[in-house]
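Participant: As annotated in TrEMBL:
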- 14-139: domain 'Methylamine utilisation protein MauE' (DOMAIN)
- 51-75: transmembrane segment (TRANSMEM)
- 82-104: transmembrane segment (TRANSMEM)
- 124-142: transmembrane segment (TRANSMEM)
- 149-172: transmembrane segment (TRANSMEM)
Amino acid sequence: MLMIMIVVNFIGKHFVKIVSILLALLFMYAAANKLLDFENFQVQLAQSPLLSAYAGIISYGIITIELIVAVMLCLSDSRQAGLYASLGLMSAFTIYIYLILNYSDFIPCSCGGILENLGWTEHLIFNICFVVLSALGIFVLVRKNKGKTWNAILLSISTVIVSCLVVIIMFISSENIIKKENNFTRRFLQHPIFDDKTVNLSVNSYYFAGIAEGKIYLGNLTTPLFIAMIDTGFQNLTRVKITLDKKDYPFRNIQLQVKSPYYYLYDGNVPIIYRGKLNDSIAHTISYGDAFFNQLSVLDSGKFVLRVQKRSDKQYSMASLDLNKNPKLELKPTVLEKQIDGVFDVDGILGVEAGADKVVYTYYYRNEYIVMDSNLNIRKRLNTIDTTKTANISVTKLSDGRKKMNAPSFSVNKGFALLGDLILNRSNLKGKHEPAGSWKTSSIIDVYRTDEQRYIGSFYIRNKNGKAMSAMISDGIYLYVLVDNELQRYRIRKDAFK
């Protein structure tokens with residue numbers, strides 16, 4: 001008890017110094033961390049949906065201000081001004097994070113250093129704590145110097161308001177933060193799907209692995225060696241743990257796919273593919289060392305479509321992996337068409353129509369999807385109704401050879417499901433005369449043909465608990481959607497997409 005009293009008295013006596021030292025250390029650490037990787041810091045700022053237009057000025061300005069404020073906090077004559085500056089700076093950081101979390105179309109990467117493991121919500125709480133500490137430090141110092149408390153309160157409130165307004169004005173003026181109307185008009189279909197049934201999965205880390213034999217198979221990002229199965233009537237959910245025949249590899253991201261009568265596990269960072277029967281929990285290695293890859297789709301038990309990164313120029317390419325051929329791997333470098341760098345500009349999503357000789361690849365950043373046969377021969381290059389023909393991205397090559405996008409990357413397409421000769425494409429662009437409220441509460445699905453250039457129409461899928469859908473899959477009768485921790489089933493109206 002005595003020790004506690006001593007500590008409390010010490011803190012009370014030296015509270016202002018303790019707060020000042022904490023803030024000074026925070027700013028010096030933040031500035032040093034930015035300086036040590038300044039090139040990457042500038043790229044991160046350029047990727048910000050709020051600050052991309054001001055990245056050059058701000059990259060130097062923030063570091064300079066943080067260092068100046070840190071010095072002011074260490075000097076008794078300038079400590080009070082330093083505390084006001086700290087209050088303003090931390091308030092600006094706090095409102096910035098709040099806007100990112102609540103109003104941004106995407107959430108960029110968090111900052112690095114010892115705080116890199118904190119998410120944006122944790123950063124928000126962290127910053128609020130330092131805003132409160134700064135304000136308390138000001139009031140304690142003013143009272144200690146026998147100053148006017150009300151003047152300190154008014155000046156503190158003014159500092160917070162001005163700092164927040166500066167960031168809010170940048171938010172409003174940013175070209176990238178607001179979804180602009182695009183020069184295309186959607187045709188909304190009349191009740192193409194009907195909300196039918198929902199099951200709570202308890203967690204939001206599931207993804208679709210496939211549909212087979214009346215069951216939906218789900219993989220889980222946090223427990224990658226488990227297969228979850230639920231019948232299409234949503235009556236019985238079970239989980240089975242998979243055992244790998246060989247597992248001493250540095251896996252980073254194990255993924256699961258199901259194509260009856262097998263399931264497949266793979267991690268393209270390790271050139272390995274496992275296969276197991278759906279009624280067997282042991283997965284056996286069927287390919288090792290044949291190819292590194294970053295996307296895979298299963299065609300049949302021994303044939304796969306891959307997206308790889310070529311050794312020669314580090315650009316992405318489609319490839320066919322046939323375990324029954326020699327050579328097994330065949331690159332298809334002409335499928336993906338380079339516009340800028342051959343990596344970010346051709347990034348997209350690969351999918352295969354179950355039971356059909358059809359492979360589809362949609363670009364993230366342009367209005368095109370490619371329809372191929374199982375040998376990756378191009379059948380059609382088709383376009384979505386928006387006008388983004390060229391990927392609107394900017395890429396910077398860092399001094400260590402890494403490439404990063406140095407402007408916010410707004411995707412055109414965010415995912416799709418295949419349904420016979422149809423593609424149900426999740427769009428990320430707002431068309432003419434579409435209410436902003438619908439975009440905040442729903443995901444929009446555009447329906448196209450895959451055998452001809454034809455747009456069928458569009459429909460909405462509502463968010464759940466403020467969360468948008470993460471994936472969808474269809475068996476032809478129902479559309480299944482993952483939204484937050486729920487698996488939702490929608491009945492597709494007959495002739496809805498004629």
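Cβ coordinates come from backbone N, Cα and C, glycine included.
Nobody curates TrEMBL annotations by hand; they come from automatic prediction.
I'd like these features described in context: how deep, what's nearby, how far apart.
Facilitator: Each residue in the domain 'Methylamine utilisation protein MauE' (14-139) gets a DSSP state, and the totals come to 106 helix, 0 strand, 20 coil.
Distant neighbours of the transmembrane segment (82-104): 16, 19-20, 23, 27, 48-50, 65-66, 68-69, 71-73, 75, 120-121, 123-124, 127-128, 130-131, 134-135, 137-138, 141, 155-156, 159-160, 162-164, 166-168, 171, 177; these residues of the same chain sit at least 6 beyond its ends, with a Cβ under 8 Å from one of its Cβ atoms.
Tertiary proximity for the transmembrane segment (124-142) is limited to same-chain residues at least six positions away from its ends with a CB under 8 Å from its CB atoms, namely 15-16, 19-20, 22-23, 26, 79-80, 83-84, 86-87, 90-91, 93-94, 97-98, 101, 115, 118, 148-149, 151-153, 156, 160.
Within its own chain, the transmembrane segment (149-172) has Cβ neighbours under 8 Å at 50-51, 54, 84, 87-89, 91-92, 95-96, 99, 103, 131, 135, 138-139, 142-143, counting only residues six or more beyond its boundaries.
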